[in-house]
2 protein chains.
Amino acid sequence: MGEDCREFGESTKMKEKMEEVEREEEIDPESNPVNEPLLKRNRTLSSNPLALVGEKVSYIESLDYEINENDLFKHDWRSRSRVQVLQYIFLKWLLAFLVGLLTGIIATLINLAIENIAGYKLLAVLKYIHRERYLTGFLYFTGINFILTFVAAILCVCFAPTAAGPGIPEIKAYLNGVDTPNMFGATTLIVKIIGSIGAVSAGLDLGKEGPLVHIGSCIASLLGQGGPDNYRIKWRWLRYFNNDRDRRDLITCGSSSGVCAAFRAPVGGVLFALEEVATWWRSALLWRTFFSTAVVVVILRAFIEICNSGKCGLFGEGGLIMFDVSNVTVRYHVMDIVIVVVIGIIGGVLGSLYNHVLHKILRLYNLINQKGKIHKLLLSLAVALFTSMCQYGLPFLAKCTPCDSSIPESACPTNGRSGNFKQFNCPPGYYNDLATLLLTTNDDAVRNIFSTNTPQEYQPMSLLIFFVLYCILGLITFGIAVPSGLFLPIILMGSGYGRLLGLYMGPHTNIDQGLFAVLGAASLMAGSMRMTVSLCVIFLELTNNLLLLPITMIVLLIAKTVGDSFNPSIYEIILHLKGLPFMDANPEPWMRNLTVGELVDVKPSVVTLQGIEKVSKIVDVLKNNAHNGFPVLGDGGVAVPPVVGQANGATELHGLVLRAHLIQALKKKWFFKERRRTMDWEVREKFTWVELAEREGSIEGVAVTSEEMEMFVDLHPLTNTTPFTVLESMSVAKAMILFRQVGIRHLLVVPKYQASGVSPVIGILTRQDLLAHNILTVFPHLAKSKSRGKRN
Amino acid sequence: MGEDCREFGESTKMKEKMEEVEREEEIDPESNPVNEPLLKRNRTLSSNPLALVGEKVSYIESLDYEINENDLFKHDWRSRSRVQVLQYIFLKWLLAFLVGLLTGIIATLINLAIENIAGYKLLAVLKYIHRERYLTGFLYFTGINFILTFVAAILCVCFAPTAAGPGIPEIKAYLNGVDTPNMFGATTLIVKIIGSIGAVSAGLDLGKEGPLVHIGSCIASLLGQGGPDNYRIKWRWLRYFNNDRDRRDLITCGSSSGVCAAFRAPVGGVLFALEEVATWWRSALLWRTFFSTAVVVVILRAFIEICNSGKCGLFGEGGLIMFDVSNVTVRYHVMDIVIVVVIGIIGGVLGSLYNHVLHKILRLYNLINQKGKIHKLLLSLAVALFTSMCQYGLPFLAKCTPCDSSIPESACPTNGRSGNFKQFNCPPGYYNDLATLLLTTNDDAVRNIFSTNTPQEYQPMSLLIFFVLYCILGLITFGIAVPSGLFLPIILMGSGYGRLLGLYMGPHTNIDQGLFAVLGAASLMAGSMRMTVSLCVIFLELTNNLLLLPITMIVLLIAKTVGDSFNPSIYEIILHLKGLPFMDANPEPWMRNLTVGELVDVKPSVVTLQGIEKVSKIVDVLKNNAHNGFPVLGDGGVAVPPVVGQANGATELHGLVLRAHLIQALKKKWFFKERRRTMDWEVREKFTWVELAEREGSIEGVAVTSEEMEMFVDLHPLTNTTPFTVLESMSVAKAMILFRQVGIRHLLVVPKYQASGVSPVIGILTRQDLLAHNILTVFPHLAKSKSRGKRN
């Protein structure tokens, strides 16, 4: 029954593209078998066999962050009035505000839903246990979790496969310039919200943090384009936002709002986006992002105020600080630094080990998920069942502990949903420490294990069981087909071994056990995710203990250093698994030994167009090529070029024309009988820059009569006259730095020789051409020097 | 007597350069009067008449962050062993560690010195007042302050003029690629340390924060180059650091260590460097900077631990949090948001007003300072006298306030150095609230005005006097010839009006008066300095009250927005005053309407060299040009070019050779009788890349015989074969983005036409050519579209 549910929304568009790709792949080798390129572009996600849940083999496009300076743009630029500029600025801030507002509201609603669903579920279960109806309790607990997981999984599997997982790697790739398919649709947003509520309420070992980042980005993307793909508002003001640059900025705002909403950490959110997610960053963006997170935090604060008066059901405990440990004074001496270093090292080792094993498991899961939707669903449900059984069953292994007499009777044992001393199956006056950690929501579990000034609360055995269980769950849960964040599982695992270490170190140190748990969590986060400053601030904002900062910093630095010496960060591993063509910040060392000239030599020769080109040539080029940009050559102002259609008559590099603009020209029938340059006003009558901002459209939808085929198109006004260029002698390393720093899509390679008859452009490089992996397949000898490590 | 003290250290080198410049300016117009460029480069600081104290008319060089890929570099790169790479990485971290360590130690020593000098001074003064010997007290107070200021000023005036002021704008310019002269010498460092101690202990209205940033950067620079200019350690490992890129990274570490040491704010330090100081930023650098600040904070923490046991004289109170306000619970309702918005608006208006007036005063001061060293000195001393008189005299205007009975007698009135209720001239049981604010160190003044839960402490009149006095002092003190930071004066001013507002708003709000003072300070900082995230984190780390974060964010955002609508940030104003060619992040809108081709047309035609060039030509070119890079043209592999010395025989753009490398070639007599290409081993025998990394040396020191003049130099192996190029049709806006993003010094302009006889390079652009101000002098008509505002 999972098989016959249909796919909605963006999937039709995707199918079209898929067909296009297949067709081209059929055409390409036949029409031009000799000229087959050595350097192949991965038009589809390269890791088809490795693709994760939710990922489909699909056409990957690059984004275009370059300002396309053609005549129309320039004219529009000049004619843009002061009012329009103010409109644009106002809208930019309005959208940043709306992103914050909506993310804040949705995050609160998700929290509200989760706390209430999970809360009433747990209250009911505890009631059964209190009446010693253990089996009924078990069935109730497992059944509800099963249903919740089923809802989350079926939505993901059927409607929005991209909503599974955290979404952060894809957003990272998007902000790097990869147009990750189907990531920011309305369906994805809705499935992510409902799926996240279901999965977290089901008690699965996953967080709502990653999904919230994705939700924030979806909101930003939808706002920026004026609504879902099929129902976009054609608001006049929004047209300024119909470009990849502004959308990128908005999505950056969205992702930091998401982090802010997840951890109630406004500064941490900004820094997370800055350190981990974004590739490009400007001071102006820092400020706008900060504004968005400020809005989020004000919204959260307002909701907390409202809920404190008891109007939100079981939600409402806890303020703006999620895991407050500020009630303990941090004292440490020089000797404690040793312990701190040890925590850091353990965190680094465990973190990289976690990355390694998770990688293997994701590969294994992929084999299962590939078999079909039913398999995906069954896998998710199996994991949910296992989780429920462990969470319910394991606490029976723990011994009951008598309550400390210093604690008031109302606090120990607790029978409510949240509380530090769960009675579970124990007699009055006793509590079950393992139930305190397992039979609760994940947030509460973290709160309980971080609890300070309670050195006697947990038994070593319980902590060990907790740690081992969450290691297993953390590994097997992440890859299933539900929205899942990585933060909380890692925090739970890390706090487990941290507190365990604190228990044993207790007599030798001044540091509280709760702080050990915090440090353990921080170390594992750094060991797996490899962030520093942003994690530091997030932990500061989570725990509200500024005096902990120096040791947190040490732990994070050591854990990251240790982890980095084993393997890359978890997000990089996932990016690689998904086959997203992410461009690294640092070129590989061997890239210095290769020039772009050598690189374009192994590609098929570049397809160029004339400034005034025949319609038939354009149609031919568009049909036989998947390229997105074509260099336009000219004769330098002479009205009629000497020989029709022959490139060597032309000696001027006029610029670069985009595929989308060629299609627009064909669609709009921008044809002339004679071969002539057009006037400015002619172009402006025919095209508006708003139309040119649209990147949609395929050559298939264009009908050209045979009469029109013989006519001419004046490409000059549509051509971006200021493409970025490099000399053929430029090293690949430097070209890559240029490519990434400036954020471009097409890099033209020009000859270093000056002579007649030489084409002024000898090649064109795109993202795929500059990826280390693709270059190494053609120049394998370069790989041997690869081991020497990056120079950063 | 100020006049005849000599200048030491780097000044001789500078004079040489000055002479060189003058000489060239004599030669240039005569030898080539027709070809005089329209687009003039400012070889000297452009704002000679406006130069601030400590700034001298001097030769400005650009820094070169590009990797100079010539044959030698490439060979070295290939042959660099794994051990050497590890050496390099290890050293990078070791230096980051040392920067943190030394900055931490020096900052602690400065604090120690200031607290003790100022502390014993104040104790003595209070003793005189207690005995009602007011005149003696006054003379003692003024006398000591006079001497301290004198020491600080005489050092700055005579030995290191660049040590005056905060130093942050110059560091900002340095990290932008401007080689600000004499900024990072050992003399500057020492003068800055002693001067800062003197000026702050003298009770002048300035902070040690800016100077600490400069001190951190100096330490970084000196460590990176292995010691002071004349006594550099020639450690083999250090040679890897002899380049502008690595020095830039190290100085970034230094500046964030400085901020961290100043505010005990490790994360704030990193963010300050990121948001305000640095132009280029990479994730790897974020991590290293974070490491440095972690070291600083551990050092500070260790010293505080030691000093708590009373071994540091009067130093030792207060922990890692400088201005702790965490003892108050933050409560606010929707209505309080209105007040918060008002504070933000006032902060923005006052901040921009402050910037405006300070600008005028700095111009006025400059006229005084230009008259000579004596005038500089007298100005400083006059300000010191005025400050002392006000600080001592004004508290007599305040009425004595009876101590609150709820406060223990030991706390009110206090007679010690620090304390919230100064007795001053009051009878027992009474305190003088204005003396509490004025007759104390600046740090204590901030602590006192931030004090929470003391709503009755200050009278409105006292706060008003305090605010007005510090407005005046803040304006007149900054420009004098001592090391002076801007942070503390602004905090003092802002807290004054904040608390005053709190006093009047008291009945209508839940927010504590101390928090009003904090918010006032934050708003004025944002209104004047225009930072957001970093200020937010710095304030968080200063005050340790996380719950204040949301309202701090709102205040900062509003104040910055309001301020930005009036004038640029204070640092930008100073940068402009100093005439440093700082390159903005965003191009001006009119830059889109100008191509680089048009720009190079108004410059003198580019000077090119042949791949194998005659010695006489090279000597000639070096003597008649101040350029730092020359395009090298080649014939594309043919050994002997057709016509000697004629550029149009060459058709290949081989690359760019640096002036320093040409001088090296001449010095090393890299001459050949015949016109031939050399072998790899020949070059490597003659040059090492360590020598080529040196950028020193002038053509004057090179002796070439007339016989040698007729010989040839093979420039190929010394040429950077991968310079960045742009097409002549590129718009200046895009070229500027490329220039700044990639961090280059020379941008070659290549023709878009392909034909024989056309030179493959038509121009060369440098930082000065791309500055808006310089372009507008040549193309004034572009300015009219300037008013349309930047698009960011």
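Using the three backbone atoms N, Cα and C, a Cβ is placed for every residue, glycine included.
According to TrEMBL, the features are:
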type	residues	note
REGION	B:1-34	region 'Disordered'
COMPBIAS	B:1-20	compositional bias 'Basic and acidic residues'
TRANSMEM	B:93-114	transmembrane segment
TRANSMEM	B:135-163	transmembrane segment
TRANSMEM	B:285-304	transmembrane segment
TRANSMEM	B:337-357	transmembrane segment
TRANSMEM	B:377-398	transmembrane segment
TRANSMEM	B:463-493	transmembrane segment
TRANSMEM	B:546-563	transmembrane segment
DOMAIN	B:719-785	domain 'CBS'
Among B:135-163, B:285-304, B:546-563, stretch most in contact with the transmembrane segment (B:377-398) (C-beta, under 8 angstroms): B:135-163
Distant-in-sequence neighbours of the transmembrane segment (B:546-563), which means Cβ under 8 A and at least six residues beyond its ends: 325, 329-330, 332, 336-337, 340-341, 343-345, 347-349, 351-352, 355, 511, 515, 518-519, 522-528, 530-532, 535-536, 539-540, 569
The domain 'CBS' (B:719-785), counted residue by residue under DSSP: helix, strand, coil: 28 helix, 13 strand, 26 coil
Distant-in-sequence neighbours of the transmembrane segment (B:463-493), which means Cβ under 8 A and at least six residues beyond its ends: 52-54, 149, 152-153, 156-157, 161, 163-168, 191-192, 195-196, 198-199, 204-212, 214, 262-263, 350-351, 354, 357-358, 361-362, 365-366, 369, 376-377, 379-380, 383, 386-387, 390, 394, 397-398, 434, 437-438, 442-443, 445-446, 449, 499-500, 503, 521, 524-525, 528-529, 570
Contact set, same chain, for the transmembrane segment (B:285-304): CB under 8 Å, 6 or more residues outside the stretch: 92-93, 96-97, 99-101, 103-105, 107-108, 249, 252-254, 256-257, 260-261, 264, 266-267, 269-270, 273-274, 278, 312, 316, 318-320
For the transmembrane segment (B:135-163), distant same-chain residues with Cβ under 8 A (at least six beyond the ends): 2, 5-8, 53-56, 117, 121, 124-125, 128-129, 170, 180-183, 185, 187-188, 190-192, 194-199, 201-204, 214, 373, 376-377, 380-381, 383-385, 387-389, 391-393, 480-483
